């Protein structure tokens, strides 16, 4: 084993243990961050070209499967469902496999597949990988978007059953104003509801790719059904909208900007909300406007009450 590989395995092992420790202590935000960042590192190695990797194709496949399991555990921690799909004790079975990846030759304990090449960055990772976005955006529109793999369709959820005296909210995402709207490849919006600590209160939903782009607008015209009755949302909660697009040069999906709506803004009719610079600040502590130009996210709210 080369010194480079030994050091790499030690870093992976330390990251794995940190995530599992946070998980067992109930520090879910920290655990999710650690799991997602490690998953991206494993994913990168699993997808490395043969001559750029010290691992065999079979070992890279196993590394990719471990990345998938980290994603599954991260998703389970963010889920509002009581039944976790992928448990901590399941994840812990993978630590010795990762540690001994060079000699591991048994069947993988879980029926999963390596995550696909196109990826979404973990919180905090974008700052390390991206430089000034404006400098790059000039070339982002070069080439046809059709030459890249099609993104998975949106993950929109149906409206919840109505309950007497309870209010449901439908948010129509109409359009978003951006100075370089026409250059965005496969743009979509991730919608989540977070408490003041950035913890998910409902399942996260992705819109399908935008219906059309023109000048300074990306049009969606899609309805989001809030997956919780308005009265059941905790004090200080907010609905977040993260605008994401594919960056072919770097082969990942990046958050360009975000917006959010607080509980006192929930009222029927149209609303426009300001756009903020990434990374997404779910705790709303250090907000920076994306631009001084009059560009916003345009929404329309409909309340349903029995």
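Positions of Cβ are set from backbone N, Cα and C atoms, glycine also.
Pulled from Swiss-Prot, these are the features on record:
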COILED    27-62  coiled coil
REGION    128-153  region 'Disordered'
COMPBIAS  128-138  compositional bias 'Acidic residues'
MOD_RES   144  phosphoserine
REGION    154-221  region 'Axin-binding'
DOMAIN    157-304  domain 'C2 Aida-type'
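Over the region 'Axin-binding' (154-221), the average per-residue pLDDT in this prediction is 90. Taken through DSSP, the region 'Axin-binding' (154-221) splits into 3 helix, 32 strand, 33 coil.
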